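Asker: I have a structure I would like to understand better, so I am pasting it below and will then ask my questions one at a time.
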Amino acid sequence: MKVQGMNIIDKYFRRINRLRISVTDLCNLRCVYCRPESGLDLARHKDILTYEEIVAVVRHAVKLGIKSFRLTGGEPLFRKNIENLLWMLGKVQGIEDLAMTTNGIYLKNYARVLKEIGLFRLNISLDSLDAAKFEEITRGGKLKDVLDGIEEVLRLGFKNTKINVVAMKGINDDEFEEFAKLTLERNLEVRFIEFMAMNKDRLDSEGKYIPMAEIIDIIGRRNELTSLPPPMLGSGAAKLYKINGARGVLGFVSAVSQPFCTSCNRLRLTSDGKLRSCLLSGGEVDLKAILRNDPAEEQLTDAFLRAANLKPSAHSGKGHVVMHEVGG
Ligand code: SAM
């Protein structure tokens, strides 16, 4: 594994060019599959990377050929003055893609400032279109807040907006078609994500998982689907389809049934400053310890190379994932 020109190539010949940044482990929702009702052991404020530290990491990453960044969490819009981080990132030369994954609760109010600052793309998580069910899944969230946020994002002309739907048997499988039909009139990608079993103290995951092929089959029963080639930008791991005649597209992310490890090109930065090699397995490098010790450029480069070196060829499919720290 080496830096080739300005690129990190790992030992399995994957070029690492994306960084997913969890800006906080806090969230304004308590989704049943993500967080326990009782709350979590969260990092203390002093252990969370400051905006200046995040920007320092991004600046260095750009020098190593990592040009695509996604802010996640926890809930990124829940971190105080998140717009300041975006302003600062907006000044970093060389960023080619700056995106955010959000639960959308605060989006209606934030959308305009995100657009003005120059955020390129938004992924909005939404697991039910039924207000009562949404409230149950999120333990208290209001569906209308998210729907209003989505409409505002579309009105402002954000491109490549995605709606992330975690597919869960017996919870939202009766809504797949309704979700898919959001694409008929809207320029959106509705993305179905295979449910990953997490910790035991979350939602009882037994039997909740639905493989991608089954999701496609459910939607395809009453809709004509055409398979599409992957797009140039933000293709990530999704297989794309379109309902014939629809404005938007459908994406299917098969992290469980068909892992996409061989083309995985990302590292993850946790809110407390660990550079993680993989969502599910592999190791991490304590970048915060380095950052807070007045590092030379070579030390930062070395940290990225070590993290890339820890990337497994493939994940085991299991693992003790703490989504709020690592960022989904
Ligand atoms: N708060 C933001 C949000 O809700 O989008 C960002 C953080 S959230 C952890 C990121 C993504 O991870 C969401 O789309 C969420 O649905 C997904 N996620 C969380 N737990 C998951 C699981 N067990 N299986 C699949 N996706 C999961």
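For all residues, glycine too, the Cβ spot is worked out from N, Cα and C.
TrEMBL: automatically predicted annotations, no manual curation.
Because the structure is a prediction, the values reported are computed rather than measured.
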Asker: Which of these, Cys34, Cys278, does TrEMBL say binds [4Fe-4S] cluster 2 at the same site as Cys261, Cys264?
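Answerer: Within the candidate list, TrEMBL flags Cys278.
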Asker: In TrEMBL, Arg20, Arg70, Thr101, Arg266, Leu267, Arg268 are given as binding GTP, so which of Lys159, Lys162, Lys208 is in that site too?
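Answerer: Record check against TrEMBL: GTP site with Arg20, Arg70, Thr101, Arg266, Leu267, Arg268, extra candidate from Lys159, Lys162, Lys208 is Lys162.
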Asker: Per TrEMBL, which one of Tyr12, Tyr33, Tyr241 shares the S-adenosyl-L-methionine site with Gly74, Ser125, Met196?
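Answerer: Site partner of Gly74, Ser125, Met196 for S-adenosyl-L-methionine, according to TrEMBL: Tyr33.
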Asker: Would you find the one among the binding-site residues Met196, Cys261, Cys264, Leu267 whose Cβ has the most company, meaning other Cβ atoms within 10 Å?
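Answerer: Ranked by Cβ atoms within 10 Å, first place goes to Leu267.
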Asker: Given the binding-site residues Cys31, Arg70, Thr101, Ser125, find the one whose Cα is closest in space to the Cα of Cys264 ([4Fe-4S] cluster 2 binding site).
Answerer: Arg70
Asker: Tell me the coarse DSSP state (helix, strand, coil) of Cys261 ([4Fe-4S] cluster 2 binding site).
Answerer: helix
Asker: Can you list the residues of the same chain, besides Cys261, Cys264, Cys278, whose Cβ falls within 8 Å of the [4Fe-4S] cluster 2 site's Cβ centroid?
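Answerer: So the additional residues around the site are Pro259, Phe260, Arg266, Ser277, Leu279, Leu280, Gly282, Lys311, Pro312, Ala314, His315.
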Asker: Under 6 Å from ligand 1 by C-beta, which of these binding-site residues make it: Arg20, Cys34, Thr101, Ser125, Cys261, Leu267? Sequence order, please.
Answerer: Cys34, Thr101, Ser125
